[in-house]
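Copied over from TrEMBL:
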DOMAIN    B:57-275  domain 'ABC transmembrane type-1'
TRANSMEM  B:12-40  transmembrane segment
TRANSMEM  B:60-82  transmembrane segment
TRANSMEM  B:94-118  transmembrane segment
TRANSMEM  B:148-172  transmembrane segment
TRANSMEM  B:208-228  transmembrane segment
TRANSMEM  B:255-275  transmembrane segment
Amino acid sequence: MRVNWKPFVLSLAVLLILFPFVYLVFLSLASEWRFPEVWPSYLGLKNWVTVFGSETGLLRSFFSSLLISLSVAVFSTASGFMISKAVFYHPKKRTLTLLAYFPYILAPVVFAACLSFFFLKMGLFGNMTGVVVAQFIIAFPYALLFFSSFWNEKVKSYEDLVATLGGNKWQTYTKVVLPLAKGLLMICFFQTFLISWFEYGLTSIIGIGKVQTLTIKVFMFIKEANYYYGALSCCLLIFPPVVLLYFNKRYVFKKLV
Amino acid sequence: MKTKKPNIGIVLFVAIGVVPFAAAFVYALLYSFGIIGVANQGFTLRFWESVLASGTFFKSLGYSVVIALVAVSLSVGGALWVTLKFRRQLEKRILSFVIYLPLAIPGIVTGFFTFQLFSKGGFFARISHKLGFITEASQFPDLVNDGLAVGIILSFITMVMPFFVLLFLNVYKNERIEELSILAQSLGANSRQVVHCVFLPILIRKTWVLIILYFIFLLGAYEVPLILGQESPQMLSVLIIQEIKQYDLDKISEGYVVAVLYTLLVSVAALALFLPKRKRAYAS
């Protein structure tokens, strides 16, 4: 008899996928877990209570990250959408698209290291505004390229039709273009939110440790060998995207092909 | 005569999308030649000569290329296998949600988690001790901060493979590979021929630009090699930042030399990928 091995492999895969989430929550509840103990000597809500008591500033970091990511998502989605129209209706759109790929493809941390001088001169070094501006610079090309397929002949024809029927620019946007782009705008908003939410290297360079987002906190706890708080920060970092996934998978994964 | 109004959209595009990149590149270039910089005294080639002679850049580049290549090859290979064998099961309700979950984990968390599992005092070392395979933590094999970059490659695979599984499942559906496979079979092809002549060529042809893009992203990855890498050689981004942040002022200029070389490398890659006029296989 032939054994069907697929259910076993699939069950194993599901366990492997869920394991990091379970392990990180477990580690965030643990304390004084020394080698070679397989089970921690303390397991409880102590770490979480401390965090909510704001002793380590983790809650503050959570809200700083949220504010930075929301700002980056709003600015990059809005500007990406508006500017992409000019780019993708332009006769030289291939050259312009190519130019957008350069910052998109470069490692953000290297980009930030080379830009840090200008941020210093503009007074944007080591503060939240600087981090938002820097993250916006890397999220903008993504948002711009995201809308490349939206500005096609069909949308152009709709715009022409509204103009022929006497509609003005405002009506073209509010009655036709924005309703058509609503779904894509939502996806782009959440994708750029996640680019910012997950960013570490660039934030550490421009924020110079003064802007403590959650990713900065995770790394700080790793360096201090405080793995329990590190795991707790990881939980705060990964559960918002899981919630987004629950509502709509497309917020986290965009169909690219 | 009609005067041409400047296109405000294009002006903004250049200001946000082009100027920062150009400024960053020119700054790094000038610094690398000693024209600007705290202790630099004018144009010199000595930082370039020093970097090229020491071989640090080439070692780091080779190391990064091998790691990225191994990680992308294993991820794409694994994702193709999963798509081929499990696509029907992965469309079921719970699994179709679960396979998206790895995308919620950023690089820094993957690095931290891998360290927690595979370090000498980590989860697997404790299990090994309990099972009697080792008696001391030092007996556990080096799987993080190691010369073979096992930890880095493992982290990259767990980050990249889920993305490619989802991508291939999408392409499989959009390109109607199921129908084409049935057609090929009805024309007499066996299952091996269907895989080699229908499944693989369509999936690879539709996604090769993204596969190369992911290779480039991994080449410049920072968080994971920062946590799981070793002292030397280091991956490119870690090397650049380490040099630029040094107190030795000569090293800062050398860091910018590496940054310029890396930027040139990815820019050439972008030109090669997106400049040729071809039918768009990758549409955002």
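Any Cβ shown, glycine's included, is placed from N, Cα and C.
These figures come from a predicted structure and were not determined experimentally.
With a cut-off of 8 Å between Cβ atoms, the residues of this chain six or more beyond the transmembrane segment (B:94-118) that come close are 124, 143-144, 150-151, 154-155, 158-159, 162-163, 165-166, 221-224, 226-228. By the count of Cβ pairs under 8 Å, the stretch nearest in packing to the transmembrane segment (B:148-172) among B:60-82, B:208-228, B:255-275 is B:60-82.
Cβ atoms under 8 Å from those of the transmembrane segment (B:60-82) belong to residues 90, 149, 152-153, 156-157, 160-161, 164-165, 167-168, 200, 203, 211, 214-216, 218-219, 221, 225, 233-236, 239, 258, 261, 265 of the same chain, restricted to positions at least 6 beyond its ends. Residues 46-48, 249-250, 252-254, 256-257, 259-260, 263 of the same chain sit 6 or more residues outside the transmembrane segment (B:12-40) yet have a Cβ under 8 Å from a Cβ within it.
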